[in-house]
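What TrEMBL lists as transmembrane segment is B:12-33, B:72-96, B:108-129, B:141-164, B:185-207, B:213-234, B:246-265. Sequence annotations record features per position, and here TrEMBL assigns domain 'ABC transmembrane type-1' to B:73-265.
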Amino acid sequence: MQKKGIKNRGIGENPIPWFLPLLAVLLLVFVYPIIEIVRFSFTDAGLLDTNYSVTLESYTSLFTSPGFTQMLIITGVFVFFSVTFQMILGLAIALLVDQGMKRKLHGTIVIRTAVLTAWAIPGVIIGIIWMMMYNEADSGVLNYILSSLGIADSVAFLSDPVNALVSVTVANIWRGTAFSMIMIYAGLQTISRDVIEASLVDGANAFKRLFKVIIPILSPVLFVNLIIVTVETFNTFDMVMALTGGGPGRSTEVIALSIYNSIFNQFELGQGAATAVVLLLINALMTVIYFKVLQKNQEVG
Amino acid sequence: MESRKKRMLINSLIYVLYAVVLVFFLFPLFWVLSTSLKTVPELFQTPIVWFSSDPQFENYAYIFERTQILTYLMNSFIIVASTIIISLIVAVPAAYALSRFKFKFKKAFMLFILIFQMVSPVVVAIPLYRLFVQFNLINMHWSLILVYVAIQLPFTTWFLKGFFDTIPQALDEAAKIDGCSRLQMIWKVLIPVSTPGIASASILVGVLSWSQFVIPFILLDDSALYPVSVGLINLQSTAEAITTHYLAAASMIAILPVIILFVALQKYIVGALTSGAVKE
């Protein structure tokens with residue numbers, strides 16, 4: 001680590017001009033809007049109103065409305081299950097691809113590419129594709145498969161509130177697994193062969209090796225991944241918008257969608273802004289944890 | 001060491017799991033491709049039609065002729081290409097300075113940049129919408145591109161800083177002795193040797209910007225300016241007129257450029273994803 005406060009050693013040039021374009025863009029597109037949204041949250045403004053008064057009403061009505069609690073629960077369920085399964089599947093596939101690579105099996109690159117492709121497809125289109133698959137008619141492909149296998153008949157994937165939340169979460173897991181997979185895969189590449197071989201000599205079996213050796217070594221990577229994926233999932237908008245639009249009713253209205261709906265459909269800028277502040281606080285909390293982990297990693301590394 | 005028999009057994013097990021993973025990830029894509037080629041009766045038929053007996057390539061022709069998809073694609077290309085170029089123009093000097101200058105609070109400044117990576121685009125889009133309406137910047141590509149650039153900047157700057165760190169300072173010194181100014185050094189030495197890093201960053205910025213939805217969705221309401229992500233939602237919402245097989249064809253058209261790019265350049269993508277996120 002470099003010590004703070006070391007003067008430019010004779011270079012005598014100022015770093016600030018190099019950052020001016022970056023700072024200008026960040027100020028305009030992030031700092032100004034964040035200040036504005038916090039300010040709006042304390043007003044009763046409509047979308048384009050210029051006359052409004054300062055009030056705490058947005059927050060009081062937000063926190064007392066049953067819709068808000070419900071929205072938080074929906075978001076929580078969506079985030080928790082998305083993140084958990086993305087990480088478990090990501091880890092499993094990363095281990096699989098890693099083994100395949102080490103064993104020089106054919107087709108390993110095909111697998112990696114297939115998984116990554118899911119990540120590269122725009123969220124809107126993922127929503128549209130899954131909407132087609134969740135088609136509830138008999139010709140809907142998932143319903144057809146489930147009934148052919150005798151598992152279930154005519155599942156109301158998207159028209160039943162609870163099912164819809166499950167459906168949205170599954171589609172999101174499909175979308176996000178690739179990112180976790182590739183991060184964990186990269187982490188696996190940093191584990192030296194010696195460590196694995198030492199544990200082989202110790203006679204550790206595959207499961208012991210996974211939980212006693214590999215996962216502990218990977219834990220910094222897993223943690224960073226956890227934070228990034230959690231933030232991404234809290235911010236999800238496009239895929240849900242295309243798949244359910246937040247419905248039926250408001251049963252899949254996650255927080256980012258709720259902000260949008262309050263402002264652009266109900267024209268309640270104050271309320272939407274207050275919800276946005278809640279999302280910002282969640283993002284800020286995640287960022288703080290992230291920084292703590294980064295710091296710890298650097299001390300270890 | 002494993003015995004031959006055990007090795008064969010494990011390898012077969014891996015292949016079985018490969019098949020499961022492959023089906024899980026490719027099935028949705030297969031389904032949209034299959035749907036995009038169906039005739040109307042085949043859409044509603046049971047048992048399900050997996051492969052159309054009479055592939056309807058006309059579905060694609062219909063989309064090209066009857067919708068604005070070409071405009072959407074063109075808009076996406078313009079927005080994405082501009083975003084890549086401007087992101088680099090803004091991020092390279094900043095990354096260079098972070099890599100080569102020593103100054104107070106450098107670490108704090110790097111974290112400050114990273115904070116914005118975490119902010120939800122929907123949150124910033126709303127005040128920007130008001131601002132853009134006020135100054136008549138709504139429905140313009142260049143103001144939109146500025147927002148795209150900002151969203152990509154934290155990652156791009158960090159990533160390029162990391163890459164520049166791997167390039168020996170000795171090169172800087174040599175260029176300085178040759179009488180290069182810092183700008184000349186960046187242009188003539190640093191950028192040429194950093195091509196792989198810059199390529200990786202560009203691809204990632206490209207893929208993420210191609211997917212970007214909420215920003216154009218909020219900041220544009222003129223359909224002639226829509227990128228492909230918003231264009232598709234627009235097609236979907238007029239779904240009474242456009243049936244599933246057409247929507248599937250449009251989806252295929254929208255994802256094909258990304259898939260081709262991805263398969264062709266995946267080496268850079270894997271490199272970019274792993275080095276940017278895991279290090280530091």
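Cβ atoms are placed via backbone N, Cα and C, with glycine included.
From a predicted model like this one, the values you see are computed outputs, not experimental measurements.
Among residues of the same chain six or more beyond the transmembrane segment (B:246-265), those with a C-beta under 8 A of the stretch's C-beta atoms are 32-33, 35-36, 59-60, 62-64, 67, 69, 72-73, 199, 203, 206-207, 210-211, 228-229, 231-232, 235-236, 239.
Contact between the transmembrane segment (B:108-129) and the transmembrane segment (B:185-207) is absent: fewer than three CB pairs lie under 8 Å, with pairs separated by 6 or more positions in sequence. Among the stretches B:12-33, B:72-96, B:213-234, the one making the largest number of Cβ pairs under 8 Å with the transmembrane segment (B:185-207) is B:72-96. When the stretches B:12-33, B:72-96, B:141-164 are ranked by Cβ pairs under 8 Å to the transmembrane segment (B:213-234), first place goes to B:72-96. Listed as Cβ neighbours of the transmembrane segment (B:72-96) (distance under 8 Å, sequence separation of 6 or more from its ends, same chain) are residues 141-142, 144-146, 148-149, 152-153, 156-161, 163-164, 182, 186, 190-191, 198, 201-202, 205-206, 209-210, 216, 225-232, 253-254, 257.
Nonlocal intrachain contacts for the transmembrane segment (B:12-33), taken as residues 6+ away from its ends with a CB within less than 8 angstroms of a stretch CB, comprise 248, 251-252.
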